[in-house]
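What follows is a set of notes on a single structure, which appears directly below.
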Amino acid sequence: MRLLERDDAGEIRPTKDLPSGKIPPYAILSHTWGPDEEEVSYKDLKDGRAVSKLGYNKIRFCADQAWRDGRKFFWVDTCCIDKSNSTELQEAINSMFRWYRDAAKCYVYLTDVSTDKRDADGDPSWKWAFQKCKWFTRGWTLQELIAPTSVEFFSREKARIGDRNSLERMIHDVTGIPLEALRGSPLSDFSVHDRMAWMKQRNTTREEDMAYSLFGIFDVHLPLIYGEGKEKALERLREKIGKDDGCLADLRVTDPRHDKKRIEAAKGGLLKDSYCWVLSNVQFQQWHDGDDQRLLWINGDPGKGKTMLLCGIIDELKKSTPPGLLSFFFCQATDSRINNATAVLRGLIYLLVSQQPALISHVRRPYDHAGKKMFEGPNVWIVLCEIFTSILQDPGLRMTYLIIDALDECVTDLPQLLELITRTSCTSSPIKWIVSSRNWPDIEEQLETATQKARLSLELNAESISTAVNAFIQNRIDQLAPKTKHDANMIGKIRDYLHSHANGTFLWVALVCQALADPKVKKRHILAKLQTFPRGLDSLYARMLEQIGHSEDAELCKQILAVAAAVRRPISLDELASLVEMPDDVSDDPESLEEIVKLCGSFLIIRERTVYFVHQSAKDFLLGTASDKASNKASQEAFELVFPTGIEDVSYIIFWRSLNVMSQKLRRDIYCLNAPGFLIDNVRVPDPDPLATVRYSCIYWIDHLRDLVSSTSSKWVHLLQDDGDIHRFLTTKYLYWLEALSLLRALPEGINAIRQLESLLGHTIRGRLIAIVRDGYRFALSYRMIIEKAPLQAYTSALVFAPTDSMIKKIFKKEEPGWISTISVVEAEWNACTQTLEGHGSSVLSVAFSADGQRVASGSDDKTIKIWDTASGTGTQTLEGHGGSVWSVAFSPDRERVASGSDDKTIKIWDAASGTCTQTLEGHGGRVQSVAFSPDGQRVASGSDDHTIKIWDAASGTCTQTLEGHGSSVLSVAFSPDGQRVASGSGDKTIKIWDTASGTCTQTLEGHGGSVWSVAFSPDGQRVASGSDDKTIKIWDTASGTCTQTLEGHGGWVQSVVFSPDGQRVASGSDDHTIKIWDAVSGTCTQTLEGHGDSVWSVAFSPDGQRVASGSIDGTIKIWDAASGTCTQTLEGHGGWVHSVAFSPDGQRVASGSIDGTIKIWDAASGTCTQTLEGHGGWVQSVAFSPDGQRVASGSSDKTIKIWDTASGTCTQTLEGHGGWVQSVAFSPDGQRVASGSSDNTIKIWDTASGTCTQTLNVGSTATCLSFDYTNAYINTNIGRIQIATATMESLNQLSSPVCYSYGLGQDHRWITCNNQNVLWLPPEYHTSAFTMQGRKIVLGSYSGRIIIFLFSRDV
């Protein structure tokens, strides 16, 4: 930033560029521009021409006015920005709002407002001129009005006419800007629409500035692109705001501002007299005013008013001048949303970004890679810490106050949170912390490590607290008096009793006054009632529990208290009614239920129909963990009263009643979605919600079972036996439960729960139940992705594609869709593949497990790396930054980093938690084929196409060794277990062993007949396994260099090898689409894992529907029995992939089209080729016989259709007109027309006699499968059944989306559709490369080589 400086003599000169943090107090000028040639530029100042210009008059005014206000520095936009420097101009416009905001004063010089003129009555006429002045119509002056803390207005005569405060009503009337905005409320309090509307009556010289002048209002930074136009500039601004808002919405777990309002309302409002004492407290003032104390710990016993004290401090800090950032969070142990360190950090970041939106860049950086999932999973704390630390180091960060209430109620990861607080409180950033908690030694111990701290003990400020409590007592009595109609004498006695017994505890006063306000307490009994309340919070709890025990509903109240204390989150009244055995007259009457809960009012409170404890101390008291456990007998007695048979019995009740209510309530399609493909994003919760009573139970029932199993009780044993309650639930309601979990957006939690159940059973009883649980876990895991997206697919896709021997499939067979008559070739058992992870946009070239097996990294041809959670199968991170395909990935041994090697010749080191790139290692001269971490994680080895191996220091990124000696690309590298050696495999057919200290090659292992694609050390380092494109694996002795085993059996290149952890087995992966497991000692293959195969590119039915023909990448055509799914013929002869196959009408011949450019005619019985038709200039994508079998139509990548005479093999017609590859062709039943589908997204109808195109249908996607129906009125396609209208060619050419009927294939080939609606999701292994249909029969050919046949009995 560059300022102007006025010296004592009145001379004005520009300063040098001032860095952030070194800028002195300054004033700033706001004005309207005159003619460009009369405004003073930066160049004019430098050249000495400024004084001669008219615009200098404004600069002189600002200098003199600032001098009068005690400031010699000031800023004027015309001459403090070098507009000839585009970089400086960009930075200036993006910083303008901040410069106005940080100015000590803003002077608005209005050349069209005069204070010398008078109206007819002799009064000054400037008010009328002020309201009509040009300044209010300019775009850039909007931020100049709003941003500064002080804005003063001056007339043409340089006379002060008022400031923003004194003129606010007039300014509001002119501009329509709310008074709150003019008074300094955060702009984030106003909607995007409202802020945009403030520009309505304004204009700018350059049209793009209508958007650019709003950058500061929304605190966004975007590049300036003059020439793009106003609409494009506004579109970019809106897009940026939209993406930022989406990120902020995903970050938000709660809005602490709303929590503050809720807390204050629940406690009867914030009373200033109850907290104002702290403003004059020495410790608080030292923290607030000084620089040497950046952390203030406010500590005190329960009920001492810590939370309301912090609410008051927050309100006072909001009034700070200049305004800073204020972020706060209220922990609450009973609410799982806000009782953990992650939630605290999300809340603090949320408020910081809400107030200073430019800080969103620190969140967007990792968020743009990972999306919403960044805020989930085991690494979220690390990610949030990095974001938070980055925000605190932002050079544009204003003075920031961070406040956390009730650290003792942060029940998860408190030590991590305390470490973060102490660490950041010691930095030089402009931040200060206030935290509050009970007097817990472990909190004190960790906060003691902070070097710049202060402590404010409420017990040591007893006199101040007592005064504040007395004010609180008076406030409560003032509220009580009108309700109870007590006279002054009685009020005085109540006040005296409260004063003498409160013991400095706000909560004690609140609970007693609440009890006295009960309408059931008679006026004449009030003093007697008062006398029953003893001193001290725990004593009061004990007395109130005793009173509950004497009520008519004592047992019911105790049950409610027990359940409320045992559940894992606050529960709704509906959920409570399902977990506690209620009398009939209560369970069916919401008002009666609420009345019963209010009987527990000393302990519980109802907010928005959810039951909470009035205070954490109340819950602690009931659980026997009150503040003084050593001597507090009352708390232990309370525990024995509420949990007479132990808390495990309450866990049992919650578990059993959860199972019972789920069994009663859960049913298929509980939200009446009806459509099988109804997506979760479109679901709206019905009113009333049929899941209202079971929401808690669905998610937590297994947690309570686990509590029971881990206790000393033996009640759980029968639950885990065959034919018990759990067994019955799973065999009758399991699918309904999965559907409900999906609707509740809690399916991952459900999968983890069923895994816990499997673990519980695995250590106890064996039988049918454990088998069902294991199968259920596999079922849920396999189809998690689709059930999560479309809940009703639990009954369609999941049941249809589950193996035939799956117990869940057998048990729920009655739930299978009735509209599917038969389906062929579904596997009998769950295969070895437990998960398929989808998300990459291209081939996956490398995968690696983390050391703990909980994550997988994958590198892809799409230039990205993805991190996956292996338990749930969800992608947690997407790492972007490489400029080419990612050929290799590796986790560091500590699981915190990922290394990747790419086509772009670099290795990148990534933080696995945040997804940020921490190092880019450059130096290779070719593609990086392989990367590996050393066992200690301090080094990375890389192998490249440049024939070298490089060893890198992982911390500094420097190359410490370059190992040369291979004669071709280095395709694989591996460290030995001790890190002292590296093995490398190369395209020169050798393996080399290298000493990492000296960089010398100690062994060259020769014997392979092809490139060595993979090498691996055994765990003891004494052997190396190698895989080659000679189709073998070799085991080598590293000491002697001899080959001890050659493992043969693969039918293709061996591209990956690895030893088992015990060194006894070797696994190998090959491009023959198999994985083999070998005995490393004997060399025998013990297992072959199959599941991949060559892609099927085309399928066709025989006319009688009894056979199916398929064409494959392997160049063959296979004939299949459609009933049994067995292959009856293999036809070989094409020189490339077979893209299309078709039966002749009599079923005796098959036509096939290939990428070799030919069509072949085959005898279906003998398998011999009878004709080869040549003439296309590209791949033959589709073939079809005419109804009489005498002609064949073919469609090609050369964009033409050809008609062939099958007898002579001659081409009789070439049809041209498509703008893309012709993917499908079909004859009409009368043979007079041909339909063709193309990648240009059209279907054309051709007259076969003349060769002319008679109709063009714009269908919006590629029709890869076509056939006419028998009436000639419809065309059956992969996207559905399309009606052919009898209209002119011109009108049909304009048809953009014909109506599709019956069954088809979705545009993304992942859904089977019915009448254009998604009905059946296809799992990844069935993703379709070829499709054909005959009536209601559909055949799919998949990329994995599978053929699957569906017969649909009716429409959905």
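Glycine is no exception: its Cβ is also placed from the backbone N, Cα and C atoms.
In sequence order, ILE263, LYS267, PHE330, ASP405, ALA406, SER436 make up the list of same-chain residues 6 or more apart from THR307 (GTP binding site) whose Cβ falls under 8 Å from its Cβ. The GTP binding site feature in Swiss-Prot is assigned to GLY300, ASP301, PRO302, GLY303, LYS304, GLY305, LYS306, THR307; the stated evidence is sequence analysis.
Residues or ranges marked as domain 'NACHT' in Swiss-Prot: 294-629.
For the repeat 'WD 1' (839-869), the residues of the chain that approach it from at least six positions outside its boundaries are 377-378, 875-880, 882-891, 893-895, 898, 900-902, 910, 912, 915, judged by C-beta separation under 8 angstroms. Here Swiss-Prot flags 839-869 as repeat 'WD 1'.
Through the fold, the repeat 'WD 2' (881-911) approaches residues 382, 386, 842, 845-852, 854-855, 857-865, 867, 917-922, 924-933, 935-937, 940, 942-944, 952, 954, 957 of its own chain, all at least 6 residues removed from its boundaries and within a Cβ separation under 8 Å. Under the heading repeat 'WD 2', Swiss-Prot lists 881-911.
Residues of the same chain lying 6 or more positions beyond the ends of the repeat 'WD 3' (923-953) and with a Cβ under 8 Å from any Cβ of it are 884, 887-894, 897, 899-903, 905-907, 909, 959-964, 966-975, 977-979, 982, 984-986, 994, 996, 999. Residues or ranges marked as repeat 'WD 3' in Swiss-Prot: 923-953.
Counting only same-chain residues 6+ beyond the ends of the repeat 'WD 4' (965-995), those with a CB under 8 A from a CB of the stretch are 926-927, 929-936, 939, 941-945, 947-949, 951, 1001-1006, 1008-1017, 1019-1021, 1024, 1026-1028, 1036, 1038, 1041. Residues annotated as repeat 'WD 4' in Swiss-Prot: 965-995.
Packing against the repeat 'WD 5' (1007-1037) from elsewhere in the chain are residues 968-969, 971-978, 981, 983-991, 993, 1043-1048, 1050-1059, 1061-1063, 1066, 1068-1070, 1078, 1080, 1083: each is 6 or more residues past its ends and has a CB under 8 Å from a CB in it. Taken from Swiss-Prot, the feature repeat 'WD 5' applies to 1007-1037.
Per Swiss-Prot, the feature repeat 'WD 6' maps to 1049-1079.
Annotation comment: Swiss-Prot describes 1091-1121 as repeat 'WD 7'.
Taken from Swiss-Prot, the feature repeat 'WD 8' applies to 1133-1163. Here the repeat 'WD 8' (1133-1163) has long-range neighbours at 1097-1104, 1107, 1109-1117, 1119, 1169-1174, 1176-1185, 1187-1189, 1192, 1194, 1196, 1204, 1206, meaning same-chain residues at least 6 beyond its ends whose C-beta is under 8 angstroms from one of its own.
Outside the repeat 'WD 9' (1175-1205) by six or more residues, the chain places 1098, 1139-1146, 1149, 1151-1155, 1157-1159, 1161, 1211-1216, 1218-1227, 1229-1231, 1234, 1236-1238, 1246, 1248 with a CB less than 8 A from a CB of the stretch. Residues or ranges marked as repeat 'WD 9' in Swiss-Prot: 1175-1205.
The helix, strand and coil residue counts that DSSP assigns across the repeat 'WD 10' (1217-1247) are 0 helix, 18 strand, 13 coil. Residues or ranges marked as repeat 'WD 10' in Swiss-Prot: 1217-1247.
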Helix, strand or coil at LYS306 (GTP binding site) [DSSP, three-state]
helix
Within the repeat 'WD 3' (923-953), count helix residues (DSSP H, G, I), strand residues (E, B) and coil residues, in that order.
0 helix, 18 strand, 13 coil
Treating G and I as helix alongside H, and B as strand alongside E, what does DSSP give for the repeat 'WD 8' (1133-1163) in helix, strand and coil?
0 helix, 18 strand, 13 coil
Filtered by Cβ under 8 Å and at least 6 apart in sequence, the residues in the chain of GLY303 (GTP binding site) near it are THR505, PHE506, LEU507, TRP508, LEU537, HIS615, SER617
Site of maximum Cβ density within 10 Å, from binding-site residues GLY300, PRO302, GLY305:
GLY305
Tally of helix, strand and coil residues over the repeat 'WD 2' (881-911) according to DSSP?
0 helix, 18 strand, 13 coil
